[in-house]
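What follows is one structure encoded as structure tokens, with my remarks underneath.
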Amino acid sequence: MASEDGEMPSQFEGIDPEQLTESQMQQYMMEMQRQGLLDSNMEGGQYEEGYEEGQEGEGYGEEYGDQDYDGNQNEYDSQQDSQQQGHDQVNEMHQDRYDRRVNSEISGNYEADDETLRKIRRDLLDNINLERRHRDLQPVYIDLTTNNISQYYSEYLVNNEHNQDFYENAKVRYNNLGECELCHITAKFEPDADITKEYIYDYFMEIGYLFLESEEEKRIILNPANNHIGIGVFFDEIQIVVVLILSEKVLCIQKISQPEQNKIEIRGKMLDENFGIYAIRIMNVDDQKKDIKGVGPEFIEYTRSTQEWMASFELELYNQDRMAIEYYTRVSPDSIPYKKKQSKNEKLTYKHLQLRLRTPFQIYPDPKYAAEDEKERIRKEQEILAHEEQERKEREENDAKRLKQSRKDYGDGQYDDDEHGQDDFNSQSDISDKDKHHDSMHAEQEQNQQAAQQQQDTISNKEIRQELEMAITEAQRQHDEFMLQNHKLQEEIKLLKNKNDGFVDRSNETAMNEHKYLNTLAHVHQIRLDLKQTQTRYNQMSQELQKKLEQKQKKCNEIKYAFLELKREVAKKAANSRTDKPIPEQQINEWEKAELQKSKELQELRLQILRLRNAYVKNQKILKKKEELAEGLHLIDFEQLKIENQTLNEKIEERNEELHKLKKKNTTTIQILTHTREKLGFVQGENGELNSQNVRKDQELDDMRKQLTQQKKTKDKLRSVNLTLKQQTGIVNSEELGQDYRDLRTRVSKLEEEKKRLEQKLRSMHEAIKTANQISTQNMQSQNNSLKKPYQPY
């Protein structure tokens, strides 16, 4: 992966871009675009298409040979300005995230990490499912596709208003399948709020509950048909955004893992018993007709009782194509031949299957979730152990105080008996009666305490006896399994020890470890029982409060509607004081609408008052903290802090100016690169024409060489014939031969002149061919240099 400072990715260092494959070139362009080294307005096809195919690449204008560079550049600029700006803002947001993190460290504000955002998304999902469970609805599952769309759209909403076209384009961009419903909320931070990790988390949770305040969004979230959800959360220094996308699917994906190298395992569940999973297709996102892998029912295990299924197959992951997974279903799952081998002649087809779900190819759930769950589990266990330890200490202290008090009471009684014995030695019967009385009172006190303690123990034992027996049974079963496994491992250890130095008896250590294990196991089960009891108690309290709230809400709505009806009836029966005419129905409706609007405004004002009150309390706490911190500081310290703050602000401005210069330089470089690519296409076109001319000239030269050879052969034949004739007859005595000889000489001279002319023409053609070859070589060298060396701006 690329570094945050915009350096070249390590896998592409020292590689000529012309030597990359198409998929590697796309990955290279995406990485350069993510780092901000390429303009995000330009699509991937603009860097790949050329003029060799005779097509008009997007952003290039018309063919370079017909118009000059200025015309092409103007058309290119107009096309670039007409593209949507939303995708650019989302891409630039990732690039500026590092700068915002640096600025947040300088200014003291908190920049939430990915772990916090993941926790926010998971807790929002838990809250939604908890609300659905209270209404006896099925939980919603994560849809990986809409999850990516919602996160992408939340990043867009940080700097923009809701745009339905952009939302639809995002669905197409991520290959969404089926209909879905959108809910979103944008909320600004409270003024002068201390932006911390806890504040951001609490604010997200508070805003999440606002979805249930709106009737439309509440209907979407609590719709029984919706069983999948995508959650997107994002924020900047002034506001937060929460996006929910809900949809209906017939199956859900529970896990996508890679247990072994080049092996994929997918687990899921059918949410509709009338359908069964039949096939899984791995496809190329860029070319959806290209199948990377397709598996049928012979690779799928299906459990009809739980409607859960698992698909396991081999898949080579060395290619760099962007992949997606498609899930095909068929009716009547009982008739699908799961885990049955099919003949080699049978080919998997998707023609009569129903495409129900499409997800991106990625590991799910994220492996980072497991580490975070483990941390959360350890933290909760530590809290439970600390709470248990604190309760144990409190019980011990109470027992010690109670025992000390009882001993003190008993000691006071004995002291009183001794005083009475010293005052009246003769009244032994009274003393013995008093001793018996004190003894009986003390015994009765102890009996009462023991009875109360026994009663408490009996009540607590009755409450947890059944669960404790179940836990002990489960612990005993696990203990037996562990003992059996331990016995097998000990047998293997014995064999290994006998081969080496013999077996050393460790029975005492094993018994001690077993004793520790049993104690720890009992302690863990006790903690689990206490946790379960506490959770059950809290759930009961929550359900009771929820029922009370619903009853009060229902009663409130009834009273509200009754009051509205009463007002309407009174208004209908009322008459105008001037005209004695009844009030029109339209006027009553307008009054009701105005009253409803005022009630909404009143509700918003109440909510705003609550927020302002909370902000007031927080500001008071912050002010107290600042007052406590400012006790040891003096005026000179504040002046020094002010100077340092000003210095840091100047550095920030300098960095922003440098960043602006780099962006301008980047834009200029992109324009030069585009112009060079256009010029390269034009030069390649000229080079092709010159090559075609060169081929034609070579053909003409070959034809003329053949003619010259034929003429030479004819000349040789005529020369031999002439020699023969000379030998047969003399030239002096024959006027015809003399005339013929003179004609031949004239013809030979003409042919020699023609030969010289053709040789001169041949030399000129050779020079033209040589010049064309030199031009072609220079063009190829300039092309290679332009691709290998960085361009300097004009």
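Quick reminder: no glycine exception, Cβ is built from N, Cα and C everywhere.
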Ranges in play 333-353, 690-710, 711-731, 774-794, with Swiss-Prot marking region 'Disordered' at 774-794
For the compositional bias 'Polar residues' (774-787), DSSP counts of helix, strand and coil? 14 helix, 0 strand, 0 coil
Integer average pLDDT (0 to 100) for the coiled coil (461-613): 80
